[in-house]
Amino acid sequence: MVRILPMASSIRPSLSSFRSAAAAGPPSRFAAPFASPSHNSCRPLSLLHLGSAVPQSLSFGLKASKLLRGEGSSTAVSAAGNIAQASTAATEENVLEWVKKDKRRLLHVVYRVGDLDRTIKFYTECLGMKLLRKRDIPEERYTNAFLGYGPEDSHFVIELTYNYGVDKYDIGAGFGHFGIAVEDVTKTVDLIKAKGGKVTREPGPVKGGKTIIAFIEDPDGYKFELLERGPTPEPLCQVMLRVGDLERAINFYEKAYGMELLRTRDNAEYKYTVAMMGYGPEDKSAVIELTYNYGVSEYDKGNAYAQIAIGTDDVYKTAEAIRLSGGKITREPGPLPGINTKITACLDPDGWKTVFVDNIDFLKELE
Ligand SMILES: C[C@@H](O)C(=O)SC[C@H](NC(=O)CC[C@H](N)C(=O)O)C(=O)NCC(=O)O
Ligand SMILES: [Zn+2]
C-alpha cells in the first residue's frame, strides 16, 4: 500500500510509521545525530558550558573577556561564559536561519562520461536536449559539455565531464537515475528505440502507483526515468540518490542545504521510501529524490557520478551552516584559481557531494 503525503510545511509524518515492522528492522525513528566518523564536525570544547544566571549589568566587553580568561570571581566567570554561549548559539541560529532565506536553486548535476560526442548525440537526438556550451581545460586534461532544456541562468542542466583517455566509469549502486518529464512516454520510448537506444523498462504505471514511467539507459549506462507529465518549465526534473537513513538525510538537506521536504512516498510492497527535496514545487523545479531501501544502510558509489551544484549568495555562510549541520566541508569556501568563481564543497551524511557556487560569479561565467 502506498501513502503519498503532500507536505504542508508544518505537517511531517514520522517516517518510521511507514515502515513495516516485518521489514529488516526499520531504521531508528530518531536517527543518531549525524556523526559519521568520516564527517567529524566537532567544534572546540568551550568553557562556555557553565550554568548560572547572567547579571544584566555584565557587558560582554573587555571585562567579560578577562572573566573568560578566568580572572575574577567564579560567579562572574560563569556569567561571562553564559553570555558567550548565548552569543555563539545566537550566531549559529542566525546562520541556520539565513540558509532558509538564501537565494538557492539547483544549477547542474555533474557526472563523468567516456565519450562526449556519443553522449551529446544521444541526449540531443533522443532526449530533446540542447547543447548549451562546451569548456575544454587542457591543463587539467578534461572537457565539460553542458546540456539541458533551456539556458543555464534559469534551468537545471547537465554538466558532462570527459577526462582525457578515460572511456569507462563505474556507476556504482548508490546512484539511481535522472528524471525527465515528457508529455508522452510511449512516443519518447519509440523514438529512443528507433535511434538504437536501450529501454530497460517499458512504459506503464509505476509499481504501486499511477504515474506512467519508463526507464532507459544512456551510452554510459546512466539510468533515465521518463515520467509522463504535462508541460513543465523544467523537464530535467529529478536526480535520484540512494541513502542509508532517510530521516538523517532529510534533516541534513533541510538544515544544511535549506531545501524543503516536498513529499514522501512509502512503498511497503516494494520495501522502499522516497523523499522529494528541493527549492520549489516538483512540477516546476528539479528535485533531489532520496530513496531508502528497507534495511540497506550504505551503497558503493562508484566513480562516475560527481555532484550536484547549487547556487548561493554567500559560500562562506553556506560552509558554516553545513558544518553546524554536521556536514563535512571538502573544499573550503573561496575563489577558484584562475576563474575566481567562489565555491565551497561538502559531503552529505551518505557521502554524496554537493558544490555551492556564488550566484553572481556563476552568472559572470555565462557571459
Ligand atoms: C517517484 C518516481 O520518480 C520514482 O523514481 S519511483 C520509481 C520506482 N523506484 C523504486 O523502486 C525505488 C526503489 C528501488 N529498489 C531502487 O533502489 O531503485 C521504480 O524504480 N519502480 C520500478 C517500476 O517498474 O515501477
Ligand atoms: Zn524518480
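Cβ atoms are placed via backbone N, Cα and C, with glycine included.
These numbers come from a predicted model, not from an experiment.
Here is what TrEMBL says about this protein:
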- 105-229: domain 'VOC' (DOMAIN)
- Glu159, His177, Glu225: Zn(2+) binding site (BINDING)
- Glu225: active site, proton donor/acceptor (ACT_SITE)
- 235-359: domain 'VOC' (DOMAIN)
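This prediction places the mean pLDDT of the domain 'VOC' (235-359) at 97. Residue counts of the domain 'VOC' (105-229) by helix, strand and coil are 23 helix, 57 strand, 45 coil (DSSP-based). Taking DSSP states H, G and I as helix and E and B as strand, the domain 'VOC' (235-359) has 24 helix, 57 strand, 44 coil. Counting only same-chain residues six or more apart in sequence, the Cβ atoms lying under 8 angstroms from the Cβ of Glu225 (Zn(2+) binding site) belong to His177, Phe178, Gly179, Ile180, Ile213, Ala214, Phe215, Gln238, Met240.
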